[in-house]
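Some features that Swiss-Prot has for this protein:
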REGION    1-45  region 'Disordered'
COMPBIAS  1-13  compositional bias 'Basic and acidic residues'
COMPBIAS  21-35  compositional bias 'Gly residues'
Amino acid sequence: MKLNEIKDNEGSTHSRKRLGRGIGSGSGKTGGRGVKGQKSRSGVAINGFEGGQMPIYRRLPKRGFNNIFASDFVVVSLARIQTAIDAGKLDAKTTVDAAALKAAGVIRRVKDGVRVLADGEIKAKITIVVAGASKPAVEKIEKAGGTVTLLSAPAAAE
């Protein structure tokens, strides 16, 4: 059997039902929507409405909150940094910081800082200055002969 001889199983595909194309088609006029009412109109579905039953979003209790002071770090893996070094976009001899990562195209925006995670391997000996790094990431960088400097978070205004 060749690739061009493959066919769908019998009855597995259906042709599209053309609605509202005359009474003889069997699905003309109302097109399977019944007569009148909200569901016969366009733009029907009411999200979260369960027909008078208490909807799920009201049956379940409220939980948690959004912390407006939470730090939003941009996450970068060691693999991404190593790829940028291999491609010549990052210089391993200079200090790697948020600005250098942005200039190299590793990250798009800085937000509240950069956090390095240990996904992948790092071969280059780099000096990196970031807002955060996971313990395995720090261990991998130091094992490769590099150093990690963590920036202290700015003090909250009082």
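Each residue, glycine too, has its Cβ placed from N, Cα and C.
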For the compositional bias 'Gly residues' (21-35), give me same-chain residues lying six or more residues beyond its boundaries with a C-beta closer than 8 angstroms to one of its C-beta atoms, as numbers and ranges.
none
Helix-strand-coil residue split for the compositional bias 'Basic and acidic residues' (1-13), DSSP-based:
3 helix, 0 strand, 10 coil
DSSP-derived helix, strand and coil totals, residue by residue, for the compositional bias 'Gly residues' (21-35):
3 helix, 0 strand, 12 coil
